[in-house]
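First comes the structure, then the notes that go with it.
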Amino acid sequence: MADPKYADLPGIARNEPDVYETSDLPEDDQAEFDAELEELTSTSVEHIIVNPNAAYDKFKDKRVGTKGLDFSDRIGKTKRTGYESGEYEMLGEGLGVKETPQQKYQRLLHEVQELTTEVEKIKMTVKESATEEKLTPVVLAKQLAALKQQLVASHLEKLLGPDAAINLTDPDGALAKRLLLQLEATKNTKGAGSGGKTTSGSPPDSSLVTYELHSRPEQDKFSQAAKVAELEKRLTELEATVRCDQDAQNPLSAGLQGACLMETVELLQAKVSALDLAVLDQVEARLQSVLGKVNEIAKHKASVEDADTQSKVHQLYETIQRWSPIASTLPELVQRLVTIKQLHEQAMQFGQLLTHLDTTQQMIACSLKDNATLLTQVQTTMRENLSTVEGNFANIDERMKKLGK
């Protein structure tokens, strides 16, 4: 049984089950939650923020090369290697092969170019600070310029040939230019060789270059479709620029909302041809006749409007004339209506009282009738009881007399 001192405390729900609520986790989950919270708030854990969009853009249209890969556990003399990747993959299909001097030179140029770009970005974003650093962006830019000058001054292009001067930003264009230059050189060599007369067959020149051209029709179709889409886009922009919006107030712009540029040009040409001198005279004559009709319609409309206005004014005047005698008696009529209103209210109250009195009178009459009926019954009962009592007394007297004898 509960303690009686807690019986009348406020806020206690009666005739309801007891509910114990808490915001804490169960005991089994509290230790795990504390460990996760400590790991999230600890300064020893490095939290890396990953941008999904940047990661997608970086690895978009990239494929993993599986040539020469072996993940098996077979025993052999050669080492089984899986995927190999580095910061700079400029060897193409020759991953795992030692770099040639040309490839190393291209990689160094690429690294210097990337470092220069990053330093320029740092110089644009980082503000000058009072604290001294070991390598400030300005000093680093100077060192990069000196390194690039030293790399260019090594004259590796002369040693490695024109292949080392490939433009890394546009390798396909650079290869095409190199192909054209070597073809021109081959033509010049053939022209010089045909000018001299030789009696014996000369062996084939080993300096000639043989090229293999591989056609890619899918890429050609894709590039052609891209060019067509670009052309359609430019035509759409041109049509949107030339086309004007439909203006209901301007008759000259009616019908210029064509489906394409050719329809708009045809409509404009038809409108311009309508401005011929011979056509303008006919248009002017028709406009003069139309203007005369418009003036007549305006005059007729003005006369009709004047007649309508006069009729309305006459009706209003007659109404005012009829209202004048009524307006003089209106205050007395209002006063009388107010008085009659009070009288009507008193009469209504008197009628309600009469109705209540009549109802009360009927109730009293009914009560009197009931009381009279009850009185008659009581009198009858009293007579019967009185006669019975008298008979009983007579019997008692007779018995008393008999007992006295």
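Each residue's number is its place along the chain shown, starting with 1.
Cβ coordinates come from backbone N, Cα and C, glycine included.
Look at Swiss-Prot and you will find 105-132 tagged as coiled coil, backed by sequence analysis. Swiss-Prot lists Ala2 with the feature N-acetylalanine, giving similarity to another entry as the kind of evidence. Taken from Swiss-Prot, the feature phosphotyrosine covers Tyr6, Tyr88. As annotated by Swiss-Prot, phosphoserine applies to Ser85, Ser324. Residues annotated as phosphothreonine in Swiss-Prot, with similarity to another entry given as evidence: Thr136. What Swiss-Prot lists as region 'Disordered' is 1-25, 187-207.
Cβ neighbours of Ser324 (phosphoserine) (same chain, under 8 Å, six or more residues apart in sequence): none.
Spatially close to Tyr6 (phosphotyrosine) yet at least six residues away along the chain are Ile12, judged by Cβ distances under 8 angstroms.
Secondary structure of the region 'Disordered' (1-25) per DSSP (helix as H, G, I; strand as E, B; remaining residues coil): 3 helix, 0 strand, 22 coil.
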